[in-house]
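Here is the structure we will look at, set down as structure tokens.
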């Protein structure tokens, strides 16, 4: 793009023999009324516009940073018109929501603490090469526009996608390259003062091809391999951050003097600590979540009342100080004594239980419980034509495996809104979905659309990883032949820096909800007994040393192995499919026979479905999936399809239960098989009229009536002459 005031910088991403990419940052021309705006290009033909705007005054009566990130997918970016009724974009797609989360997670902690002005980042996909993914480009675009907005922001942030292809980590892989990779991850980070890169966010998974590639000799994405991928991402992140810094230097902007609201002042903290510390130390040793929370609430209310006169109109500060004292107590006990809130050690897992087949009539169900976290998994199977059709900018057009996650308010003992899923629920469902996709059977091996629903009916730490475990159990209970069982665990981290600047780190296995809130890291790892299938990392620290992260991964592997043992005791192989589940069989026909099976205006396929009660789905390659409530209906439909696509000439003497399809003055045409009719002459109908001559066919037969007939003659042209098959003949046979 060219124009007055336009400035740009470029970052070169060099993957050696596997290709080079150019990320171009532009600013100064578009969206000039936003506080900060930038256009970011990937290889010249993918373009995203990001605009960051901040409210001029802080919001009243809130105790959080009101940051909103929106990703707008414009279908014109791919040269398409939206397929909706109104032919315009509506609510954001799931892919856009997930992209929002990818941006928000590293962006939010980079703002100064205590900011209360509303900040909105809007990223619009303007042009998209279908061979690339736009989500990581969006991270860089959002960072660039925010860097230029004059906000108290400690960026810039660089975001990259890394794929493991033939033992090499490739940055910004294409869609086709990702299909050949064994592991794929999005990594975001920023450059520290010493030049090192701090990893702030990771979203990663094995690919659908991983299982086959590993069996073929490729490197499995083990914990050690994943750790090398994070290190491989750092140089690319630095290149992207350097380009953003260079562009910001060309368009300097003073940081606005935004009011920053401290959670509390020192005098309030000292008073709260004096009054609450001893009793809080006792309360934070109560293992039961609800009992502990009730005790905390009672103590906080009492402290507020006692300090109300001393600190009038500073109730919010008292609450903030109370939380800070609680955090200090919990962290000190964990770091000094190695004892957690519920009495466990750093590596201990809460009590586990697993059970399958707990809900009647559904195709598969399971209950997985870890401490007070309780997840109900329910599996549903159906025809492939029920897979989700996607009209988005995603390279995927359909989704065969659909994973939905629900977390009702009662799961935490609270009231609240129920209904359409929030961004968090969509993100958790997607994480569990990605954890299971690598072990799902192929369409050819298991021709079903699969929907998995995870109901988080009790929550106290990592319901998303509990959903992975419950889903594995439910899918096996439904008869899905998984390649391996998958389990997940959430890891935490607490750290402390001494006077000499040395930092002590302690990784925690199976964190509670409180440990997540009071800790420094949320690290979710899912996988089989052999390799990692998905992971998600968010940290509040400037960075995590490689050895600490490697240790946490190893600790997660130990926990995952223990959980898999409990799950395997409940079910370790696919059950028989439920009687209520559809039976699907596969037929392969020549491609040139597809039209005959469908028939004019769908007449033939509709007739087969009406006659058998089966549901039929035809693929472009001639694969036909036949689904029915019982095996007999499916087999009947298969026989009728084979009769059309692979016809065999009927022989004299063969009997059929046929259907009258047409009556004439000289007889009735009877359908024996799809595409095979025979003539029952009027002279052969005496048995239908007590042995008397039939004057009109309509007197004894009507269209749609079923009759037992026998082939009496096949002429040279293949036309069939029929006679009635008598009950006596049937009895003789």
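From the backbone N, Cα and C atoms, a Cβ is placed for every residue, glycine too.
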Practice task
Using Swiss-Prot as the reference, determine which range in 404-424, 425-445, 446-466, 467-487 is annotated region 'Disordered'.
Solution key: 404-424
Exercise for the section: Specify the secondary structure state of residue 522 (Mg(2+) binding site) as given by DSSP, simplified to three classes. Expected result: strand
Exercise for the section: Based on Cβ atoms within 10 Å, give me the single least packed residue among the binding-site residues 516, 522. Expected result: 516
Problem - Secondary structure content, the region 'Disordered' (404-424) (per DSSP, counts of residues) - result: 6 helix, 3 strand, 12 coil
Exercise for the section: Tell me whether residue 516 (Mg(2+) binding site) sits in a helix, a strand or coil according to DSSP. Expected result: helix
Practice task
Let me know the model's mean pLDDT on the domain 'S1 motif' (653-725).
Solution key: 87
